[in-house]
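See structure below.
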Amino acid sequence: MSSATTPHRDDLALYARPSPPESVTETLQVPENVSEKRPEEPKGIEAVKKGRDFWLSFAAMIVSIFLSALDLTSVGTALPTIAEALNDEEGNYVWVGSAYALSSTAIMPLSGSLSDAFGRKPVMLVSIALFALGSALAGAAQDMNMMIGARTVQGLGGGGIINLVEILISDLVALSERGTYQGMIGLTWSFASAIAPPIGGALSSKGKTAWRWLFYLNLPLTGGAFILVLFFLNVRTPPGTVKEKLNKVDWFGNFIVICGTTLAIIGLTWGGIRYGWTDKHVLAPLIIGFALLVAFAWYEVKVPVKPTIPSDLLKNRTTLSAILMTAMHGITSISILYYLPVFFQSAFAASPIRSAVQFLPSALIIAPFALSSGIIVAITGKYRPVNWVGWALTMIGFGLLSLLKEDTSTGKWVGYQLVASAGSGLVFSAPVFPLLAPQPISRTASALALFAFTRAFTQTWGITIGSTILQNKLKINLPAAYLATFPPGREIAYAAIPHIPSLAEPLQTEVRVAFAASMKVVWQTMVGIAGAGFLFSLLMQEVEMVGVVDETYALQAPPEKKTGNRDVEKAAPPATP
């Protein structure tokens with residue numbers, strides 16, 4: 001794994017010159033221009049030469065995004081141990097992961113708005129501090145309520161970090177040069193997401209208290225990132241009084257989207273697991289949540305002078321294509337990270353450590369392919385081929401995963417996951433380029449806020465889709481006598497998996513076959529979603545990428561020494577944190 005000012009130019013040709021439509025898009029009658037008239041556009045300038053401040057700031061961003069991605073998925077494999085240690089008798093363990101996902105998703109639009117008003121550096125520092133506070137509280141949690149509260153705080157920081165890193169990269173590096181740096185961010189995120197399950201599994205097997213180090217280990221790293229950002233991220237801060245800056249934020253719009261996101265994710269989390277999909281506890285938050293998100297879209301079009309998401313942002317079909325691809329990638333990518341370990345632990349009766357080893361092919365391939373996509377775009381100046389190849393590999397990979405059975409040979413389950421993971425890695429960063437290429441630079445924060453929010457929100461969909469399919473298919477495929485041992489309404493997969501290795505034959509084989517058959521439907525569903533992603537990729541045009549950054553938020557140039565006896569030229573004062 002991002003709100004803002006209303007932009008403006010009479011002619012977008014200053015920023016992007018779309019190539020002639022190809023046959024696949026000629027029949028699409030979606031307007032390519034973002035809008036007819038806009039307020040005055042901030043001046044674009046060349047990015048400051050990448051010196052010490054840039055690289056130390058970039059290192060802080062890499063560390064921060066690594067921790068945010070790690071904590072999103074590492075806790076999943078440690079959940080049984082955490083639930084047991086905190087005496088979770090009510091089954092609230094699911095909220096340990098959901099609370100982080102919920103708060104990190106909900107805060108993304110607001111963090112983008114705040115960064116536009118107050119500057120990137122203060123919001124980044126607050127996000128890192130919140131993440132560190134949540135990590136400390138989670139590590140010290142004495143009961144499940146404290147753990148859920150701590151993960152909520154941690155998610156607020158994590159969501160802000162994810163969003164601000166994307167925005168800061170766009171402020172420091174021009175889009176035409178951003179491929180390599182975007183690839184490095186993608187590599188970091190993908191690598192952290194891939195190694196998170198093994199780390200969680202390893203710590204959870206070291207005793208009843210070792211899981212606390214999942215959170216405590218964040219503290220020295222966040223401290224280092226905070227110091228680097230504080231002293232070396234000398235980006236420009238928008239002028240104005242605190243009151244003027246507060247008035248720039250669309251507070252009511254953000255309130256609507258936070259409430260809508262929270263309720264929708266609660267419904268998605270409970271549906272098919274704690275309650276049936278037709279239960280009022282699921283329907284009420286789902287209906288109200290999605291109604292609020294629709295109301296947010298209407299409100300953004302009709303009311304605020306400075307909307308969180310400009311209403312005409314998605315009128316450009318290339319940008320729209322990028323957001324739709326991001327949504328599909330959010331669903332499919334999280335399915336690989338969450339459900340491949342589930343498959344290994346169920347169909348192969350593997351231990352958490354063993355499943356982590358079996359997941360290593362994905363861990364080793366996702367990150368390099370995420371990096372390579374950015375490098376390819378930087379070298380070629382073209383972003384469509386990378387997106388097309390990535391989606392094709394993803395479709396083929398999930399199709400191959402649907403062939404997995406409880407007795408599949410090692411060569412096949414390794415090869416199959418390599419194909420799916422390579423495709424997922426390629427598409428990780430690739431949609432950023434069609435997202436931003438047609439847009440004026442003043443809309444970067446708004447577009448990236450929508451990008452980050454879409455990815456995080458749809459990852460929740462991916463987890464929900466997979467768990468719902470798995471739960472429903474297990475009810476059909478598991479032996480009736482074994483199924484009867486679970487209380488009604490109990491989430492079957494997580495309850496059954498730890499006990500599969502100890503089941504007597506032939507029951508163990510029957511359960512493993514049932515899990516493999518149930519997971520097959522999950523993979524087949526992902527084939528369809530990846531196919532939708534490929535179709536959406538056909539909408540985009542190849543737009544020339546801009547070679548400047550927004551002067552409002554750019555990195556300040558260091559002092560320049562003059563020749564002769566002249567005094568050293570004074571640099572602009574550093575940005576205030």
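Glycine is no exception: its Cβ is also placed from the backbone N, Cα and C atoms.
Note that TrEMBL annotation is computational and uncurated.
Taking TrEMBL as the reference, the stretch among 252-270, 499-517 described by the feature transmembrane segment is residues 252-270. Remark: the transmembrane segment (123-141) makes no contact with the transmembrane segment (356-379), by the rule of 3 or more CB pairs under 8 A. Through the fold, the transmembrane segment (521-540) approaches residues 24-25, 28, 30, 317-318, 320-322, 324-325, 328-329, 331-332, 335, 339, 383-384, 387-388, 391-392, 394-395, 398-399, 401-402, 404, 423, 427, 434, 465-466, 469-470, 473 of its own chain, all at least 6 residues removed from its boundaries and within a Cβ separation under 8 Å. Taking every recorded stretch in 252-270, 356-379, 385-404 and counting its Cβ pairs under 8 Å to the transmembrane segment (448-470), the highest total belongs to 252-270. Between the transmembrane segment (93-111) and the listed ranges 153-175, 252-270, 282-299, 385-404, the one holding the most Cβ pairs under 8 Å is 153-175.
Across 252-270, 282-299, 319-344, 385-404, stretch 319-344 shows the highest tally of CB pairs under 8 A with the transmembrane segment (356-379).
A Cβ distance under 8 Å defines the sequence-distant neighbours of the transmembrane segment (153-175), meaning residues of its chain 6+ beyond its ends; these are 1-2, 46-48, 54, 57-58, 61, 64-65, 67-69, 71-72, 99-108, 111-112, 115, 120, 123-124, 126-135, 137-138, 181-182, 185, 215, 233, 235, 432-433, 436-437, 444-445, 448-449, 451-452, 456, 545-550, 553-555. Using a Cβ-Cβ cut-off under 8 Å and counting only residues 6 or more beyond its ends in the same chain, the transmembrane segment (252-270) has close neighbours at 94-95, 98, 101-102, 105-107, 109-110, 113, 279, 281-286, 288-293, 295-296, 299-300, 303-304, 307-308, 453, 457, 460-461, 464.
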